[in-house]
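The structure's right below; bear with me while I get my questions together.
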Amino acid sequence: MMKIIRAKLHGIRVTNADLNYHGSITLDPEQCEMAGIYPMEFVDIWNKNSAARISTYVIFGEPGSRCCVLNGAAARTCQKGDELIIAASADISGPEKLYDIKPRILTFLPDNHVDQVLYYDVFQSEKRPYDFRIVDADKHTIESCHTWPNVDITKLRSDLAAKGWSEAEIDSFIASHFSL
């Protein structure tokens with residue numbers, strides 16, 4: 001058996017920690033549904049701020065809340081605002097099954113709004129039998145993927161305006177450097 005990634009919430013921020021709750025991680029069910037993460041499913045959690053790595057199970061919070069609450073002992077591994085990677089896994093019988101699986105990956109803005117919906121794609125290329133790419137699920141292109149979740153576009157716009165840039169110049173700059 002081979003353990004693989006099945007779904008991932010990448011860059012979601014901790015909104016709260018509740019030491020006295022029974023345990024688990026509380027997540028927005030709408031976001032979990034988008035990624036394919038289920039209630040009571042065990043997930044691995046990696047804290048990008050502290051490097052803590054834990055495993056716990058998912059419970060659902062309020063739909064649309066964008067919550068990410070570590071409960072019980074897991075609450076000791078994070079601070080409000082920490083950026084997490086939450087990964088659900090699956091077991092497959094062998095590498096040939098990799099061609100059939102398209103793990104969904106959600107990336108997040110600092111306020112826990114979903115930024116992008118991506119999927120991982122294993123394919124056979126001219127160079128190797130198991131090649132890899134990240135694909136934008138909406139556009140079905142690899143070019144659209146970006147890795148700038150910590151950029152505050154509103155603040156960037158404000159800073160450029162304070163330097164005397166016109167709205168047209170700001171729009172052109174944003175369009176040239178960020179694929180929204």
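Residue positions begin at 1 at the first shown residue.
For all residues, glycine too, the Cβ spot is worked out from N, Cα and C.
From Swiss-Prot, for reference:
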- S24: active site, schiff-base intermediate with substrate (ACT_SITE)
- Y57: active site, proton donor (ACT_SITE)
- T56, G72, A73, A74: substrate binding site (BINDING)
- S24: pyruvic acid (Ser) (MOD_RES)
Taking the Cα atoms as reference points, how far is A73 (substrate binding site) from the residue listed as 'active site, schiff-base intermediate with substrate' in Å?
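It is 9 Å, counting Cα to Cα.
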Find the shortest Cα-Cα separation between Y57 (active site, proton donor) and the recorded positions S24, G72, A74, and name the residue that gives it.
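Minimum Cα distance from Y57 (active site, proton donor) across S24, G72, A74 lands on S24.
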Can you list, in sequence order, the residues of the same chain other than T56, G72, A73, A74 whose CB lies within 8 Å of the CB centroid of the substrate site?
G23, S24, I25, I54, L70, N71, A75, R76, T77
Identify, in sequence order, the residues in the chain of A74 (substrate binding site) that are 6 or more apart from it along the sequence and have a CB within less than 8 Å of its CB; answer 'none' if there are none.
A17, G23, S24, I25, I45, I54, T56
With an 8 Å cut-off on Cβ-Cβ distance and a minimum sequence separation of at least 6, pull the same-chain contacts of G72 (substrate binding site), or say none.
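Sequence-distant Cβ neighbours: D18, L19, N20, Y21, H22, G23, S24, T56.
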